């Protein structure tokens, strides 16, 4: 695996020897704007691999994306290889509809330490929940970013990441009540501890998310990519464009329903990916928001 191939994949051309917060943010933003958060392999009859070589081949060589375990594992490898001080952490995701955290550790997170300060770097939450900058590991501090305000809070040995969101405007009346829309302005995202993890600890979660009837990743085909203005999401045949803060404290969310024949072209032109196998688009009944 070649680190320069990774940097070419994400379009990063700046110096590699600056291990500061500015460089970390720059690398991170290049990845989230070029590597989609997606689970399309499942809906092409393939498996979501957790082996680093397989992930590198999928994302770097074949120009695909991946879900959190894949894109954050690749980011962890890239930052470590570049020379950053990194730690792999594990998260427990909060369900928006249940307001409860998962019992299993199903989310991979990267911690980066720079000049004694710790930052959470997560390229794999996608949709409008995706951070655009590293979040400093400080309890109770609002950290405003373009997508929203992020806030970490510490209780005992557990850290909780929350999001304070803007209002949203949906111009198409047909989609005002869409179940894909996040209704909460204060959203709990996930919790984690600072215990270092290894990739082997995520193998059971990687399998579970592909086979469990309660997994939204089995229930829905998902592709999400950050843009300079917002985020594009494709869930089944429903394509959305979110523009952050298009007017004061309000996001613009536009919907479009695709035909099966349009999906391949949309993946190429909007998400910059091509699939090697036939995609069976799916948007089942499990709760999932963008």
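Note: Cβ is positioned from N, Cα and C throughout, glycine not excepted.
In sequence order, 37, 107, 108, 122, 124, 125, 126 are the residues near residue 68 (active site, acyl-thioester intermediate), counting only same-chain partners six or more apart with C-beta under 8 A. Per Swiss-Prot, the feature active site, acyl-thioester intermediate maps to 68.
Note on residue 107 (active site): other Cβ atoms within 10 Å of its Cβ, all shown chains, come to 24. The active site annotation in Swiss-Prot covers 107 (among others).
DSSP gives residue 122 (active site) a coil state; it is part of no helix or strand. Residue 122 (active site) counts 29 other C-beta atoms within 10 Å of its own C-beta, drawing on all protein chains shown. The annotation active site is assigned in Swiss-Prot to 122 (among others).
Spatially close to residue 103 (CoA binding site) yet at least six residues away along the chain are 92, judged by Cβ distances under 8 angstroms. The CoA binding site annotation in Swiss-Prot covers 103, 104, 208, 214.
The feature substrate binding site is assigned by Swiss-Prot to 106, 107. The number of other CB atoms found within 10 A of the CB of residue 106 (substrate binding site), across every protein chain shown, is 20. Secondary structure at residue 106 (substrate binding site), taken from DSSP and collapsed to helix, strand or coil, is coil.
Reduced to three states, the DSSP call for residue 1 (N-acetylmethionine) is coil. Marked as N-acetylmethionine by Swiss-Prot on the basis of similarity to another entry: 1.
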Neighbourhood of residue 104 (CoA binding site), C-beta criterion under 8 angstroms, separation at least six: 92, 204, 205, 208
Between the Cα atoms of residue 214 (CoA binding site) and residue 106 (substrate binding site), find the distance and write it as a whole number of Å. 13
